[in-house]
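> Let me begin by handing over the structure; questions about it come next.
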Amino acid sequence: MKLIVGMTGATGAPLGVALLQALREMPNVETHLVMSKWAKTTIELETPYSARDVAALADFSHNPADQAAIISSGSFRTDGMIVIPCSMKTLAGIRAGYADGLVGRAADVVLKEGRKLVLVPREMPLSTIHLENMLALSRMGVAMVPPMPAFYNHPETVDDIVHHVVARVLDQFGLEHPHARRWQGLPQARNFSQENE
């Protein structure tokens, strides 16, 4: 499997880092990373890693200004793309087909080729413009996976929340996260089921 990972300057850099770390442990997945200029700034603000450290997690790292990169062509086959975190600027550009920079171009290619595109939008609150852009992309088949915590898991750390979001992103490609905690039903429902087996 070949996956493109785009990271933009929206807050949420730990999500992108955790995704790359998880994919790094999957030998059957080849990753192509593009970090926007502001993604690099956000990574160094929000994580203990440098942009160089994060780039090293991917099999291939591409210059965000390189419109001639291999992932800018539909003839280079991939299984899809994840933009995590996805800024509202990037989301709007993808919706409009405005392929500014390699993140936007790669997403545009994935869309036109009918491949899987997953966006992890980071903004709050959401304006009508944001929601309309998301709705339009959803109607095009783009998966919107906002980083919502699952409180039924009783997360104790930020990492617990991050791992859950990454697991839900990987679900979109049929990939299993080693730290995924899945809904098992209500405790009383489980007990009733076991008692009646």
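Cβ atoms are placed via backbone N, Cα and C, with glycine included.
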> For the FMN site that Swiss-Prot assigns to GLY9, ALA10, THR11, SER36, SER87, MET88, LYS89, THR90, which of the candidates ARG115, ARG122, ARG139 is also assigned?
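My reading of Swiss-Prot gives ARG122 as the candidate in that site.
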> Sequence gap of 6 or more, Cβ distance under 8 Å: name the residues on the same chain that satisfy this around ARG122 (FMN binding site), in order along the sequence.
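Listed in sequence order: ALA10, THR11, GLY12, PRO85, CYS86, SER87, PRO146, PRO147.
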> Within the same chain, and leaving aside GLY9, ALA10, THR11, SER36, SER87, MET88, LYS89, THR90, ARG122, name every residue whose CB is within 8 angstroms of the centroid of the CB atoms belonging to the recorded FMN site, in sequence order.
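For the FMN site, the extra neighbours are THR8, TRP38, PRO85, CYS86, LEU91, GLU123.
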> Please compare the binding-site residues THR11, SER87 by how many other CB atoms fall within 10 Å of each one's CB, and tell me which has the fewest.
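Minimum Cβ neighbour count within 10 Å, taken over the binding-site residues THR11, SER87, occurs at THR11.
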